[in-house]
Amino acid sequence: MHIVDGALSNEVLIVGSAMSAVGIVVGLRKLTMDLIPAAGVLSATFFVASLIHVPLGFSSVHLILNGLAGIILGWAAFPALFVALLLQAVFFAFGGISVLGVNTLNIAAPAVLVGLMVNPFLIRTTSSSLAAVFGGFAGALAIALTTLFVALALGFSGDNFALQAKIVFVAHIPIMIIEGLLSAAAIYLIHKVKPELLHAMNKGGAR
């Protein structure tokens, strides 16, 4: 899902970086002490999971788990995912420095959106199975939105990327299913074993 250096127009880079900067600032303000351990774990999880990838032209196909990050961290997903993306760009040349802002926006913004959408239902339901359904929906939707954002970033950078944008979207359909299942399993476990964590998460970065 990472876009490589040189693929985007200057206009897209500037707008994406500016929006990411706003998200990171808001996320840092929402990053409470209770959320810091979870932010570290999810940042590391994203870092490792996304390094196993299949190159796809100007982008790549891999697991992201940003839906789970959005449910747990809310706005704090922005700084958590930014750090992981920065380390990947610096140490593995995965993604790139010039596209760091756009990549952060493409991955973190959907995370925040699904977190804000699903969290109110998660903290109200008493059924772990229903919580898993919400979690799975969030995981799949986050990938769909991220893929859409990547396609739009490529599309707005020129007509030459129109076909590439369509390929990226289709290639991520299996990832949507996998991430939906993984997120469902994770939320089911959290709700079953320690449901109060969901309430703590909502009091922090999800608001």
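Any Cβ shown, glycine's included, is placed from N, Cα and C.
Here the structure is a predicted model, which means the values were calculated and not measured.
Marked as transmembrane segment by TrEMBL: 12-29, 35-56, 63-85, 91-118, 130-155, 167-190.
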Beyond the flanks of the transmembrane segment (167-190) by at least 6 residues, Cβ under 8 Å: 1, 56-57, 59, 61-65, 67-68, 71, 122, 128-129, 131-140, 142-144, 146-148, 150-151, 154, 197-198
Sequence-remote partners of the transmembrane segment (130-155) [C-beta within less than 8 Å, at least six residues beyond its ends]: 1, 3, 7-8, 12, 16, 58-59, 64-68, 70-71, 102, 105-107, 109-111, 113-115, 117-118, 121-122, 161-162, 164-166, 168-169, 172, 175-177, 179-188, 190-191, 195, 198
Stretch of maximal Cβ-Cβ contact with the transmembrane segment (63-85) [cut-off: under 8 Å; candidates 12-29, 35-56, 91-118]: 91-118
Spatial neighbours of the transmembrane segment (35-56) far in sequence, C-beta under 8 Å, 6+ residues away: 1-2, 62-66, 68-69, 72-73, 76-77, 79-81, 83-84, 87-88, 92, 94, 107, 167-168, 171, 201, 204-205
